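For reference, TrEMBL has these:
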DOMAIN    2-53  domain 'DUF4190'
TRANSMEM  6-24  transmembrane segment
TRANSMEM  36-60  transmembrane segment
DOMAIN    74-171  domain 'Septum formation-related'
Amino acid sequence: MASLVCGLVGGVLLSVIFGIIALGKTRPGRQRGRGMAIAGLALSAGWAVVIAVAIAFVALSPTHTVSAQDIKVGDCFAELPTGNRIASVNTVSCDRPHAAEVAGVVTIPDGPFPGDAGFSAYNKECKETLASYSATALLDPGVDLAVMKPTQDSWQHGDRAMVCVATFTNKRTGSIRS
């Protein structure tokens, strides 16, 4: 009985243990409970398959959501992030088709929030960062430079990272890093 109940609620390990114990104490056709032990083991097998499929689905998923604060050089974005406040992006292996690639991160010194005018002074650094990351990127008409900069709110929480992103007119496969 315990094996069946654990098997119904997803207690796979307990269900298997109780099922094996129950099968060891019963003989075919001689004692009650053998059918419930077998049913508990069958349910446990079903739960094990469901869990394995769920793990495989998550592990093999081509995209992964990454917090904007955890973006690093070499990350490739499945799609271009949109909006003024980007909390997360969907990254993908650069071996898969992608719409953008992080070429670098420029750290802005502490001080008051720079605003658009202040950030534009750092755009040159992003351009130089892209040129260092990929010698041919600035010559490629299908590559453009986008900048992900801190918002006033994130600035107040210590965000000083300006992310330099190479964007592509058409999705690409493979890194542009040279």
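Every residue, even glycine, has its Cβ placed from backbone N, Cα and C.
Keep in mind it's a predicted model, so treat the numbers as computed, not measured.
The average pLDDT computed over the domain 'Septum formation-related' (74-171) stands at 91. Note: the domain 'Septum formation-related' (74-171) comprises 27 helix, 34 strand, 37 coil (DSSP; helix = H, G, I, strand = E, B).
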